[in-house]
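What follows is one structure encoded as structure tokens, with my remarks underneath.
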Amino acid sequence: MSSSIKIESVVKEKTRMGECPVWEERETALVYVDINSQKVCRWSPLSNEVQSVSVDARVGSVALRQCGGYVIALGTRFAFLDWDTQAVTTILELEQDKPNNRFNDGKVDPKGRFFAGTMAEETAPGVRARHQGALYTLYPDHSVIKQLDQLDISNGLDWSLDHRTFFHIDSLAYAVHAFSYDVHTGKIACPKLLYHLEKEEQMPDGMCIDAEGKVWVACIDGGRVIRIDPETGKRIQTVRLPTPRITSCCFGGKDYSEMYVTSAYDGLDETTLAKEPHAGEIFKVNRLSFFLYVRPAKPHALRVRCLQLPSLIPLT
């Protein structure tokens, strides 16, 4: 790890299970979820204020809408969230035959489709039904297709800079897979193993792509994010964070040169928590050297029609 890298705890308001950070340029803010607190949160680096909206189920992911507001995956449904009114409008309910399932990580693709996957909740510590999850795509016309089935914990996802490859994590496989991606249809195919995590890296969680097309993976219980070269399948960098339960990452800030990393305190016993004062905080990583020369691509915004709430009549 380069000695020039600077790591700072920027959001002190702790999350039980912070996840899915997204930089929202129009608000100059970091948007993220606290899954287990059932909240969508927004932190302003200008005021250092955290605002939040409570929802009625565990919320696995949030993404930006081109017309304002957010799309969220909560419980087993896709929904819109109007930040100003705090209204949540369901788009579609899925997996009603799996009452123990919930949505997990999600992200918008280069054409404005929302990909999000599901997982089974634990029935006891460390105990969950296997192969109950799936990966879905919500299209701008509100139709939904199932992309993958028989997953354990559908997690971190992103796309290569040329939009030809889709990266996805099934956490209990301890691996990152690469799929061929058809940007015109949104379909994925031909999975290949990209990287299998080493023992000390623990379990893969969220991910993001940098300006050079390299893959960053958050390692929950590994206390780090790792940088993987998708051309070679090799780990090329490790950034260690000051708490073990590292959950996800994204790039943001004025020039998208800052990495924001979420964490969690759920899953740590009282003895461990006493030794981990930064658990559940959000960190900013600066001075990643490749960003001195290359500006990363901006994130995508979900291109769906703005809906008039609550009647679901498209605005003209």
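Just so you know, glycine gets a Cβ as well, placed from its N, Cα and C.
As recorded in TrEMBL:
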| type | residues | note |
| --- | --- | --- |
| ACT_SITE | Asp205 | active site, proton donor/acceptor |
| BINDING | Glu19, Asn155, Asp205 | divalent metal cation binding site |
| BINDING | Arg102, Asn104, Glu122 | substrate binding site |
| DOMAIN | 17-264 | domain 'SMP-30/Gluconolactonase/LRE-like region' |
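On the structure: features taken from TrEMBL.
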residue	record	Cβ contacts under 8 Å, 6 or more apart
Glu19	divalent metal cation binding site	Tyr32, Val33, Asp34, Ile35, Gly60, Ser61, Asp105, Asp205, Gly206, Thr247, Ser248, Thr262, Ala264
Arg102	substrate binding site	Ala57, Arg58, Gly60, Leu74, Gly75, Thr76, Thr118, Met119, Glu121
Asn104	substrate binding site	Gly60, Ser61, Ala73, Ala116, Gly117, Thr118, Met119, Gly133, Ile153, Ser154, Asn155
Glu122	substrate binding site	Arg128
Given the recorded divalent metal cation site (Glu19, Asn155, Asp205), which additional residues of the same chain have their Cβ within 8 Å of the Cβ centre, ordered by sequence? Cys20, Asn104, Asp105, Ile153, Gly156, Ile169, Ser171, Gly206, Ala218, Ile220, Thr247, Ser248
Quick tally, other C-beta within 10 angstroms, Asn155, Asp205; top of the recorded positions is Asn155
Neighbourhood of the substrate site (Arg102, Asn104, Glu122): other residues with Cβ within 8 Å of the Cβ centroid, in order? Ile35, Arg58, Gly60, Asn101, Thr118, Met119, Ala120, Glu121, Arg128, Ile153
